[in-house]
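Asks: Take this structure, written in structure tokens, and hold onto it; I'll ask about it next.
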Amino acid sequence: YVFDYETPKTLVIPNIRVGCVFRFTQLLVVLYVVYVCVVQKAYQDTDSVISTVTTKVKGFAFTNTSDIGPHLWDVAEYVIPPQGDHSFFVLTNMVVTPEQTQSRCPELPNPSTTCVDDCDCIEGHSDPRGNIQTGLCENYSTTVKTCEVLSWCPHEVDTKLPRALMSAAENFTVLIKNSITYPKFRNILPHINSSYLKMCEFNRTSDPDCPIFRLKHIVAEAGEDFQDMAGGILGILIDWSCDLDWWAKKCFPKYSFRRLDNKHPVNNVAPGYNFFAKYYKKPDGEETRMLIKAFGIRFNVIVFGTCVWYLQGGKFAIVPTIVNLGAALSFLSLLPAVADWFMLTCMKKRDLYSKQK
């Protein structure tokens with residue numbers, strides 16, 4: 001029987017019910033193939049994409065307070081760090097303690113630093129702020145005595161936080177330079193030149209591709225008020241969902257904005273950036289500093305896709321195309337078995353059909 005050849009017998013069934021079942025199952029397979037190959041793009045090959053982001057903020061702000069007097073703030077002072085990568089912090093409010101020196105002074109009043117006489121203060125003991133007590137009890141005010149400490153004096157007092165001290169910060173602009181690379185396919189670079197950047201500003205309707213954003217517009221699109229955002233965190237989301245079957249010039253990012261932190265005042269723990277200081281030396285060589293407790297808005301630039309810093313891009317490839325078409329043809333080859341099952345199980349003439357088969 002090794003060299004025998006067998007050929008299947010074809011049986012034509014002129015029955016509407018059997019024909020409808022067969023054509024209906026064929027239609028289901030065709031629709032599945034269209035969905036997988038066209039909608040799900042099963043003909044494409046995918047590759048992980050690497051994204052690079054740099055930010056550059058521009059703007060000036062002027063303040064006039066009793067602590068430091070008239071002061072013009074530039075990028076090096078109100079943006080921390082001055083030039084960021086995937087995030088940057090813009091100073092909006094602050095508590096300034098000028099001309100601090102390393103000396104001795106009464107500690108701020110609290111249950112562990114208040115005293116009646118020198119016996120209540122332990123020399124060499126650290127207070128909650130980490131300052132070293134000298135063992136003396138000094139007058140903090142006319143009614144309160146506290147332990148003297150060796151520290152940066154005078155101490156920072158933040159009982160009254162200024163609101164929107166640097167209100168001009170809402171008109172600052174940030175340039176986000178973002179490029180992505182498909183290692184398997186090609187580099188995707190922003191189609192933007194320097195002359196265009198000099199005249200553009202992001203607008204959802206009129207100029208959605210410009211990478212220059214005004215901070216107040218970012219906050220507004222996130223549904224927040226700039227003046228109330230001190231200590232908040234905003235996400236600038238960049239979506240690189242590109243179809244490389246077309247020209248790479250059609251690959252543009254889509255921008256969206258969202259608040260990332262908990263804005264509830266009760267659950268918002270330790271808002272603000274942190275302390276930073278500027279150090280100076282007097283003519284006599286004594287070191288002084290201006291301590292600044294910064295409050296403001298932190299902006300995180302997130303390029304998202306399959307994970308935080310990667311996304312998926314597709315391009316036509318012959319191997320996945322052949323694999324998926326082969327799978328579709330194998331489904332089509334199973335359709336006669338479905339029609340035979342219906343014919344031999346559900347039809348009145350199933351015995352006749354079975355004898356012929």
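Each Cβ is built from the backbone N, Cα and C atoms, and glycine gets one as well.
Bear in mind that the values here come from a model prediction, so they are computed numbers and not experimental data.
According to TrEMBL, the protein carries these features:
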BINDING   Lys56, Val57, Lys58, Thr173, Lys293  ATP binding site
DISULFID  Cys105-Cys153  disulfide bond
DISULFID  Cys115-Cys137  disulfide bond
DISULFID  Cys121-Cys147  disulfide bond
DISULFID  Cys200-Cys210  disulfide bond
DISULFID  Cys242-Cys251  disulfide bond
CARBOHYD  Asn171  N-linked glycosylation site
TRANSMEM  16-38  transmembrane segment
TRANSMEM  290-311  transmembrane segment
TRANSMEM  317-344  transmembrane segment
Asks: Among all chains shown, work out which of the binding-site residues Lys56, Lys58 has the most CB atoms within 10 A of its CB.
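Replies: Of Lys56, Lys58, the one with the most crowded Cβ is Lys56.
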Asks: Could you measure between Lys56 (ATP binding site) and Cys200 (disulfide bond) for me? Cα positions, answer in whole angstrom.
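Replies: Between the Cα atoms of Lys56 (ATP binding site) and Cys200 (disulfide bond), the distance comes to 15 Å.
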Asks: Could you check the disulfide-bonded residues Cys105, Cys147 and say which one's CB has the most other CB atoms within 10 Å?
Replies: Cys147
Asks: Give the distance between the Cα atoms of Cys115 (disulfide bond) and Val57 (ATP binding site), rounded to the nearest whole Å.
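Replies: The Cα atom of Cys115 (disulfide bond) is 49 Å away from the Cα atom of Val57 (ATP binding site).
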Asks: Out of these recorded positions, Val57, Cys115, Cys137, Cys200, which one has the fewest other C-beta atoms within 10 Å of its own C-beta?
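Replies: Among the recorded positions Val57, Cys115, Cys137, Cys200, the lowest count of other Cβ atoms within 10 Å belongs to Cys200.
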Asks: Which one is it, among the binding-site residues Val57, Lys58, Thr173, Lys293, that lies nearest to Cys121 (disulfide bond) by Cα separation?
Replies: Lys293
Asks: Provide the number of Cβ atoms within 10 Å of the Cβ of Cys121 (disulfide bond), excluding the reference atom itself.
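Replies: Result for Cys121 (disulfide bond): 24 other Cβ atoms within 10 Å.
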Asks: Among the disulfide-bonded residues Cys153, Cys210, Cys242, point out the residue whose Cβ has the most other Cβ atoms within 10 Å, with all shown protein chains included in the count.
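Replies: Of the disulfide-bonded residues Cys153, Cys210, Cys242, the highest Cβ count within 10 Å belongs to Cys242.
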Asks: Of all the recorded positions given, namely Val57, Lys58, Cys105, Cys153, Cys210, which is spatially nearest to Cys147 (disulfide bond) at the Cα level?
Replies: Cys105
Asks: Measure from the CA atom of Cys137 (disulfide bond) to the CA atom of Cys105 (disulfide bond) and give the result in Å, rounded to a whole number.
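Replies: So the Cα of Cys137 (disulfide bond) lies 10 Å away from that of Cys105 (disulfide bond).
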